[in-house]
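Novice: For reference, TrEMBL lists these features for the protein:
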- 860-873: compositional bias 'Basic and acidic residues' (COMPBIAS)
- 881-900: compositional bias 'Basic and acidic residues' (COMPBIAS)
- 919-931: compositional bias 'Low complexity' (COMPBIAS)
- 130-192: domain 'Transient receptor ion channel' (DOMAIN)
- 853-931: region 'Disordered' (REGION)
- 95-127: repeat 'ANK' (REPEAT)
- 292-310: transmembrane segment (TRANSMEM)
- 322-342: transmembrane segment (TRANSMEM)
- 412-437: transmembrane segment (TRANSMEM)
- 458-480: transmembrane segment (TRANSMEM)
- 500-526: transmembrane segment (TRANSMEM)
- 591-616: transmembrane segment (TRANSMEM)
Amino acid sequence: LIDQYGKNPSKLDINCVDPLGRSALVLAIENENMELIEILLQQPAIKPGDALLHAINEEYVEAVEMLLEHEERVHKPGMPYSWEKIDHDVSTYTKDITPLILAAHRDNYEILKLLLDRGATLPLPHDVKCGCEECITATNEDCLKYSRSRIHAYRALCSPSLIALSSRDPILTAFQLSWELRRLHKVEMEFAVEYGELRLKVQNFAVALLDHIRSTYELQVCLNYNPSKQIEPIEEEDEEEGWKLARLKLAIDYKQKQFVAHPNVQQMLGSVWFHGMPGFRRKGHLGQLRKVIAIAFKFPIYCLSAIFMPTTKLGRKIKLPFIKFITASASYAFFLLMLVLASQRVESLIVHYIGVDKVWKWLYYAHSRERGKWPTLVEWVIIVYIFGFIWQETCQLFDAGLIQYVSDMWNIVDFMTNIVYVNWLGLRLFSFVQVYLEELRGEYTAKPREEWDPYDPMLLSEGMFGAANILSFLKLVHIFSVHPHLGPLQISLGRMVFDILKFFFLFILVLFAFGCGINQLLWYYADKDYQKCFQQGYLDVEAAMDKGHSCEIWRRFSNLFETSQTLFWASFGLIELHNFDMSGIKEFTRFWGMLMFGSYSVINVVVLLNLLIAMMSNSFQLISGRSDVEWKFARSKLWISYFDDKFSIPPPFNLIPPVGKCCASVKKKIKPAFSGAFRGTINKKTYEAVMCCLVRRYVTREQRKAEETGVVTEDDVNEIKQDIASFRYELLDILKNNGMQCNRNHIDRDVAGKKERIRERRLLKGFNIGFIDKGRDSNFSDLSIEREEDKIKKIMKIIPSSGSLKKHQLARKRWTTAVTAVVKQNGSQIGRTTERHSLKDLRRRVLSEVVDLSEESSDEQSKEAENIEAERVKMKKNKMKKLDEDRVESKAVEDKKEEAREEEETEEEKNNKDGQKEISTIASAIAATSV
């Protein structure tokens, strides 16, 4: 039909569509009819439309390659592509979908590599808060379309195959994308689900790369690589270099919980954590407890050795992570012991136990002058500890930076604890000065507590000290997070704090609303009871009882603060209804007040409390499913904090200047410094080699998984139907052409399955797994990989490894803005072909060679016998000629050897004569100088 009516559009329109909008070319792509696709593309009147996008969506690689070549021949620079010319109101794909984006959505490695090899570009999205003219115009025209285009672009960027092809550091790229998607998840709440799924996909890709690590060396290379500080991760001379774990710290900063909780990572962290403790994990619980107690009791010895003798074996031992953790925990436990002794007034207990009269008098004198008293011995130890904690937190703040310091909630708890302790010290000092000044004025200061001012500084300081004790003891929860049983429970309880905060917001709102209403209703009667309570004069028995009742209830509803307190304690059932029996209250007022109180009880006690229980149970079920990951992530953060050598000495020993360390640093300055440039080069090459291996293993496994899947799809059934139909028509054609004879082999067409065609295509095209080839195209841009300074690496430089200033700059200069500045926006969507032949041409060439060989095989067999005899004669003649030539050559070689020997002898004689002359001249010169 095409041959007859193809040139007459009035009779045959090859661009017509069916009711579903599918043209003949699209149907041929869906049916994988390569011959029909080739015939249609050869017609000058063909309009491909979005056929290329359909071929990519069907993952039909042969059709994609043919359509790309056709588009390259037809497309003119500056004009829209075929899929951009169609009406997008009726098209299958939106306007922002490009071939590379769609291939990334399908995550087809082969099509992505084909497009990237051609130089296809990916239009990257702007920052979500970008204020450029393009973004403002697109938002004003159609904000939904603009948001959907951003989702499509990020869905393409999250393709594991695209990351594997376009990035030399796929793990860092995955972290980067995950952090940006986390930000978009919070900003664009309408599409939070889509961004959450994309973030999980990128995280799973990074975790999948870890699954292909096969040795400890590869794991150390992946977790220790730091582009800014390129140090070889494995050094026998300095074992602590393997503890830096820069990439793992970056994963913690970017909340990559699944990556950190991976078994390979945890195994390495465990080996580093128990480094220097051989056989500790193989011991029983009692053996481990005995070892921990022995280390804990020796923590002062370890600390003093590290301060004064850091180069000794005992001084270096505190640098080990596990020893450092035990010494820090032991020191903190001793601080808590001091708090217990101070709260129990250990001096009074000791005096009571001794029972000496002089000591009793001293104790009585001390109790009579508690206001503004001097700190006791235990309190002095606590004060020294407080200064040590403050110095430790200050050093940590300056080292990590404000942003990173505040990001950890336990740092905020420590900061609040230190603030409360500072307030305690300040109030104690103020009370001491106040009493001292009163004594100078001759005032009596030895007053009992009953006569103190309600807001006396000493009373306020005691309140601060009690609050600080509570915060100090609660920090044990953080230390116990390393325990495998208490840790997950602590993580689950910590995550439920947000539910409690949400509940308290509603609780306080309802409490404040009812407090305003009840106080406005009952304030007058509360004032009457107040006056009756403080009434003076003689009262009878009934009046006295009534006065006692008034003195009990007048505070309940006297003002808004007291009313709110009453309603708060009513939630726990501590307020009774007789509190509404106030002096002079009327029946309606009493009824209305009790009705308000009952409504409050129903809403706050029945509804909201049960809502809180339901929320907490639901949250616990959700968190318990991933509590292991959350706990391992929290434990890893705690472990890594002890890997550095910056804060190895716990309080209060950190207040002592490190004398031994200063002396050791002076000795190191005398020694020549080692240049790390060569080691950095090795590290970079090593890391790139390991990444290439991981990517190759990942892609190979995914390709095999796609090929070896046992699920029968609808496409497989359709392929079988097409094979049967084509086989029937081919059989009829063969019988017609052969005159109904079956003695000829028909090899013009081959019938193969889908897997066989894929293998044939990859063999013929030289399909290879690896990075995209930059050298093929001079115009290769956007996602091309540069060997020395690739564009992905330029973007990676923006990502901080640690420090608040860098993270603050990253918050201002987001990932997408940085990428957009590096990647050009005016690139080609499909690129161009460079010395590329179509698959059909290759298949035809191979098949033609097979046909020629089959036709000439019979003639070659007949000529072989004649050629054998002629070759034998030629061989004999050639052997004779070679023998004669060898004889002549051997004689020539012998003559040359004799000539070379004669020349060597003459040269030796000349050299001996020259040497004698030089010796004589030197001797004469020496004699002259001696004279």
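Cβ atoms here come from the backbone N, Cα and C positions, even for glycine.
No curator has checked TrEMBL annotations; they are predicted automatically.
Note that the coordinates shown come from a computational prediction; the quantities given were computed from them, not determined experimentally.
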Novice: Can you tell me which of 292-310, 322-342, 412-437, 500-526, 591-616 gets the most C-beta pairs within less than 8 Å of the transmembrane segment (458-480)?
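Specialist: Stretch with maximum Cβ contacts: 412-437.
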Novice: If you average per-residue pLDDT over the domain 'Transient receptor ion channel' (130-192), what number do you get?
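Specialist: Here the predicted model's pLDDT, averaged over the domain 'Transient receptor ion channel' (130-192), is 89.
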Novice: Counting by DSSP, what is the helix, strand and coil composition of the domain 'Transient receptor ion channel' (130-192)?
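Specialist: For the domain 'Transient receptor ion channel' (130-192), the helix, strand and coil counts are 53 helix, 0 strand, 10 coil.
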Novice: Which residue counts does DSSP yield for the repeat 'ANK' (95-127) in the helix, strand and coil classes, in that order?
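Specialist: Split by secondary structure, the repeat 'ANK' (95-127) comes out as 18 helix, 0 strand, 15 coil.
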